[in-house]
There are 4 protein chains.
Amino acid sequence: MKIKLVSYSKDGERIVAIAAKMSRSRKGWDYHEKEMTDDEIETWIRDSITHGYWSVLEHSVYTFSIEGISRVASHQLVRHRIASYTQMSHRFAKPVDKYYKPITPPSIEKRGKEVVDKAYQDAYNYFYQLLEKGVPEEDARYVLPNGVNTNIVVTMNARELYNFFGLRLCSRAQWEIRAIAWKMLDEVKRVHPRLFKYAGPNCIIHENFIRENPITLDDIDNTVFISQRCIEGVTREGIPKCVKNARSILVSEDGVVMGK
Amino acid sequence: MKIKLVSYSKDGERIVAIAAKMSRSRKGWDYHEKEMTDDEIETWIRDSITHGYWSVLEHSVYTFSIEGISRVASHQLVRHRIASYTQMSHRFAKPVDKYYKPITPPSIEKRGKEVVDKAYQDAYNYFYQLLEKGVPEEDARYVLPNGVNTNIVVTMNARELYNFFGLRLCSRAQWEIRAIAWKMLDEVKRVHPRLFKYAGPNCIIHENFIRENPITLDDIDNTVFISQRCIEGVTREGIPKCVKNARSILVSEDGVVMGK
Amino acid sequence: MKIKLVSYSKDGERIVAIAAKMSRSRKGWDYHEKEMTDDEIETWIRDSITHGYWSVLEHSVYTFSIEGISRVASHQLVRHRIASYTQMSHRFAKPVDKYYKPITPPSIEKRGKEVVDKAYQDAYNYFYQLLEKGVPEEDARYVLPNGVNTNIVVTMNARELYNFFGLRLCSRAQWEIRAIAWKMLDEVKRVHPRLFKYAGPNCIIHENFIRENPITLDDIDNTVFISQRCIEGVTREGIPKCVKNARSILVSEDGVVMGK
Amino acid sequence: MKIKLVSYSKDGERIVAIAAKMSRSRKGWDYHEKEMTDDEIETWIRDSITHGYWSVLEHSVYTFSIEGISRVASHQLVRHRIASYTQMSHRFAKPVDKYYKPITPPSIEKRGKEVVDKAYQDAYNYFYQLLEKGVPEEDARYVLPNGVNTNIVVTMNARELYNFFGLRLCSRAQWEIRAIAWKMLDEVKRVHPRLFKYAGPNCIIHENFIRENPITLDDIDNTVFISQRCIEGVTREGIPKCVKNARSILVSEDGVVMGK
Ligand SMILES: Cc1cc2nc3c(=O)[nH]c(=O)nc-3n(C[C@H](O)[C@H](O)[C@H](O)COP(=O)(O)OP(=O)(O)OC[C@H]3O[C@@H](n4cnc5c(N)ncnc54)[C@H](O)[C@@H]3O)c2cc1C
Ligand SMILES: Cc1cc2nc3c(=O)[nH]c(=O)nc-3n(C[C@H](O)[C@H](O)[C@H](O)COP(=O)(O)OP(=O)(O)OC[C@H]3O[C@@H](n4cnc5c(N)ncnc54)[C@H](O)[C@@H]3O)c2cc1C
Ligand SMILES: Cc1cc2nc3c(=O)[nH]c(=O)nc-3n(C[C@H](O)[C@H](O)[C@H](O)COP(=O)(O)OP(=O)(O)OC[C@H]3O[C@@H](n4cnc5c(N)ncnc54)[C@H](O)[C@@H]3O)c2cc1C
Ligand SMILES: Cc1cc2nc3c(=O)[nH]c(=O)nc-3n(C[C@H](O)[C@H](O)[C@H](O)COP(=O)(O)OP(=O)(O)OC[C@H]3O[C@@H](n4cnc5c(N)ncnc54)[C@H](O)[C@@H]3O)c2cc1C
């Protein structure tokens, strides 16, 4: 799995802050553009998020190239509709051995490595047999495994990313899309730390809806949650551990971050 | 494949017509509701479509239950974002033999039946072996084939259906989603013949954008197209045959309509 | 203001419940359709909402005719993008005296009735003067007041309605769109009481995200909120009063419900 | 009216081209990123557009600050739902004289200047009288004219812009939103000439759906249209003149481009 932020609104944080401020002002862009300080940017972003003024976050946009994920994961990913996708076509993809790299879930890596290797190899052989019988690629691929690898280019704005992270960073999300989400979060936090400061699984998002002082992922250990339960049913006490558990998908058995 | 229209705006045609008329009038709903004749309904629908006033078609909505399609097809289907989906979860689905009915493309039915049967059986065996080793279902399914069967509930409005049909009734669309689209068209035409009278692949939609008198799928044989080419590159002369070819997916080798 | 539910998914509650159940089952629509009891419908709806499985609510859809609101309100309304609108065209509307009924806010009714009457009449006179000078209607209307009345047909699904209600039932919402929202809520609760049981301003929605047992608008007086504050900043203690205050827009000075 | 492109995907053209190419390839972003030539960018963009592969255009995104337009125009603008908006709040805007600059349509400028000036001034006086009587600003503004000025920040991607331009560059669009559209087109063509080469009113868009060699706005005078009529009903022969007419909104009486 390789996840790369290939394009984004360079001034995204500034733009979100100016837009938010303009909605409360009569002055035009040029004025605010010149006057807006770094401190103000932070404040406008924070206030927009803590007061549910999410629409201003839509003006900052991010494009990722996501490579080497399974079609199990991409099928879940594209269910997020407020986004743009361009996926490698599997209909016309010539079968070239070196590009056949189906994904193996960690649980199978541990418990069924040999089975999966054989299953993936057999499927590929059947695929070839069908091609040889004159079946077109787009049909022959029906015998390829669900785990087959794919590439996809994804564009989402910051608001949609918050929504996506809320659902997919969560421990209830399936491991692969969860790993994708955590990596995407890393990427956007690197370039826009202020804009994604409050991003996290829904337990954190919802906590901040009802809490006086907003918390972040970094505060997980030092926070007593007010929420009785998260939306998925985890109780107040269980939440911090659950979040850490969710995040652990990024780290392999040997402590190495996946996909690096 | 089983496609059933399970819910829709009963008065959809009337509602679209009233909405269109209200945008050109100052009178309220009750008045138009009472006065609107069947002839008028037909005219308002026709005029809205031939003048690109598509937004009024959004007020009529359709829900389908689509069962026994492959995840190849469902992955393409859910790329249509102006729609609502609820899909059978493959994460928690208990492996019950009688529900494992992966889809076989017609081309394989013809040329590789034995290969595919074996491929699908082997995949299922590997799946079981993984389960026995303690791999959870949501991971074990990575070895199941792309062709694995799924069910999905889909809601789209009439405008989105026009857009979906434009792309997916076309011969360039992959056979399975094409079959789904043609069956969905059958379903909606049955209940709302006036609203879907002009639905068809994009060659027809686009022809009607630039033509004085609109044509329908039924006119295919008696029409000289004005379009030099369709958007997919088929030339004027080739279009009627191409459309019939696209539609033939509904009919099996033996002349039987698929999935009935 | 006249708000009428003119079309909706008759079986909406059932359909939402079946869709939710189908995502956890391998059986098809016909089976669930037959087996689904009323109790089950209630449970599936409740569980979907309390666990944030909002997407299933999208399968139930509602069309309203909203008449006699101001363009101030309609401008805010159409900002909700996951919806369909057909609005009376003001470009081509012939100026007929009896249709000129601009909206007067309650605060002006009370404090500036004469001023507003004169202002609205003067504006109309200027409008006519412009028409007489040969200015087309679509331009002359620039001098008509913001409060000018309009009609609009609106279609939203149950999920979007929950989102819309969350924002617009709230006391922070502008009075007119708030009145619209409360009336729309009345309409949908009448036909689908189980589906809209948990609808309310965001203070209630968010409380239910983090609370073991969900509350409804009816519980406002007997509930100790867990939330420290609502997203708009009202403190725990202030919420119940704030909600009642928000709702009071429905009742005029004389205790009569508006627009009836 | 002041329209400024304040942010956009700097590499937008490149990104669209790479995404399109990746859907037909198995290689990853880094490879294409390095290999993609300027010629190729042009070809991939052209081919995507002429074959209706619009979704790739979504990866390039544009943010505009639009200042000094009327609420008549902004109300139409926000009907385009695949977009993001942040508008100056008129609820809390303090009444400061110098910011009250309602828009005067050209037709009134010519035929009713005195009437409109008086109408706008009277409305403002009534507004003030209401404020003095203790009516809150958000209600008092009901007497302000439809033509009242507003500012709005708008984000749209290239696909949505093509759709927006198709509808709003057209002579049937109301003059003010048409002027906005033509100016927005200028802005994006300046930075991404290859991506917006084929943008135009729907007569041109639709012509290119059905024509072998695509045309652009620049070819209007030297092109015999194949379309019998445009979607709005203008006949083949009338189209070029109609387009020039539509565009003339940019130029004032004295030959000066508006808003500069
Ligand atoms: C743990 C988990 C389990 C899941 N299990 C299943 C399952 O068994 N079956 C299944 O089918 N799906 C399942 N899903 C997918 C889920 O139902 C959503 O489809 C998916 O998460 C996308 O979320 P979304 O709709 O919020 O996102 P998006 O589609 O990106 O939408 C973003 C936001 O836009 C709004 N929106 C967009 N389109 C509409 C619309 N048409 N109507 C109303 N509002 C809209 C909503 O506010 C939404 O939050 C599961 C998801 C998770 C995280
Ligand atoms: C023959 C064929 C081959 C294809 N090959 C590929 C491929 O190789 N790779 C690939 O990734 N996809 C491929 N697709 C999928 C295609 O790119 C679209 O994603 C899919 O057809 C959905 O179409 P849509 O975007 O028009 O529909 P929807 O998502 O339903 O959208 C409906 C309409 O809403 C508007 N819209 C919705 N969301 C947006 C948005 N975010 N921005 C702008 N406008 C929006 C558009 O006007 C659109 O027409 C293929 C499709 C076909 C038919
Ligand atoms: C009290 C109040 C004050 C307001 N003040 C202002 C103001 O000063 N200026 C102003 O401009 N607006 C203002 N608004 C409007 C507000 O910013 C929203 O535009 C409006 O409420 C619609 O909300 P929505 O975006 O959630 O709804 P919808 O547009 O209906 O969207 C529904 C859901 O779909 C998703 N969604 C849809 N489209 C997108 C997208 N492009 N990107 C990401 N997610 C998307 C989101 O999850 C969203 O919740 C105000 C609203 C309220 C209630
Ligand atoms: C000359 C003219 C006259 C008009 N007159 C009127 C009038 O009298 N009354 C009136 O109400 N409006 C009127 N309109 C507005 C018009 O109906 C559209 O609402 C507006 O142009 C936005 O267009 P859109 O829906 O294509 O754009 P967007 O909302 O930006 O959508 C872009 C694309 O996404 C898809 N899409 C987005 N949401 C949906 C959805 N919910 N369902 C299906 N597809 C969707 C469609 O493919 C659409 O083309 C007029 C417009 C023009 C140009």
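Cβ atoms here come from the backbone N, Cα and C positions, even for glycine.
Swiss-Prot lists A:Gln76, A:Leu77, A:Val78, A:Arg79, A:Gln87, A:Met88, A:Ser89, A:His90, A:Arg91, A:Arg141 as dUMP-binding residues, and of the candidates A:Arg46, A:Arg168, A:Arg172 the one it assigns to that same site is A:Arg168. The FAD site recorded in Swiss-Prot includes A:Arg79, A:His80, A:Arg81, A:Gln87, A:Asn157, A:Ala158, A:Arg159, A:Asn163, and the single candidate from A:Ser48, A:Ser55, A:Ser107 that the record places there is A:Ser55.
Cβ neighbours of A:Val78 (dUMP binding site) (same chain, under 8 Å, six or more residues apart in sequence): A:Tyr85, A:Gln87, A:Ile152.
The binding-site residues near ligand 3, defined by a Cβ under 6 Å from one of its atoms, are A:Ser55, chosen from A:Ser55, A:His80, A:Gln87, A:Arg91, A:Ala158, A:Arg168. A straight line from the CA of A:Ala158 (FAD binding site) to the CA of A:Ser89 (dUMP binding site) spans 27 Å. Taking only the Cα positions, the spacing between A:Ser55 (FAD binding site) and A:Arg168 (dUMP binding site) is 21 angstrom.
The separation of A:His80 (FAD binding site) from A:Ser89 (dUMP binding site), Cα to Cα, is 19 Å.
Under 8 Å, Cβ to Cβ, and six or more positions away along its own chain, A:Arg168 (dUMP binding site) finds A:Ile177, A:Arg178, A:Ile180, A:Ala181. A:Asn163 (FAD binding site) sits 14 Å from A:Gln76 (dUMP binding site), taking the Cα positions as reference. Chain B has a C-beta under 8 angstroms from the C-beta of A:Val78, A:Arg91, taken from the binding-site residues A:Ser55, A:Val78, A:Arg91. With a threshold of 8 Å between Cβ atoms, the binding-site residues A:Ser55, A:Val78, A:Gln87, A:Ser89, A:Arg91, A:Arg168 that neighbour chain D are A:Ser55, A:Gln87, A:Ser89. Binding-site extent for FAD: residues A:Ser55, A:Arg79, A:His80, A:Arg81, A:Gln87, A:Asn157, A:Ala158, A:Arg159, A:Asn163, maximum pairwise Cα distance 27 Å (rounded to the nearest whole number).
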